[in-house]
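**Q** Got a structure for you, written out below as structure tokens; questions coming shortly.
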């Protein structure tokens, strides 16, 4: 009887931990002028549901394609100045400030022939640290999935260096390679 209670408590804890979260992604076109008042207000781009503990379970709940001019629409022909830039990230409409790290991207990522991939960087606690957007060229012959995709990258601790490991140097001043052990030595 106690084993079934323990198993049911364990399953309940696993279900509580697997509660998906949602993130509201906003986009803001940036102007070339230096005054921030000339920039347009951020508008909602997408709502993404994700599980902060697994990177493979993220879905785009809703997506509103932005109405942005692309740099190919410009007739001036200049390479550097004709690019239309947008800011992508989490935005709080009540306090009118950005909540996470934002990414500046070209409006061409949302043009025809491209499928936007929204990348969420999530901390170990499940909070969104940053948002990025990358346009992937659509090849109609290879895929039929033209919609936006979401990818979650969970922050993890990197590999630590091995400290106090002795370095063996030969008489030439070069590092000595370890000799391969025989089958019996292994």
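Backbone N, Cα and C atoms are what each Cβ position is placed from, and that goes for glycine too.
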**Q** Of the ranges 49-83, 84-118, which one does TrEMBL list as region 'Disordered'?
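**A** Matching range for region 'Disordered': 49-83.
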**Q** DSSP says what for the compositional bias 'Polar residues' (52-61): how many helix, strand, coil residues?
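**A** Taking each residue of the compositional bias 'Polar residues' (52-61) in turn, the totals are 0 helix, 4 strand, 6 coil.
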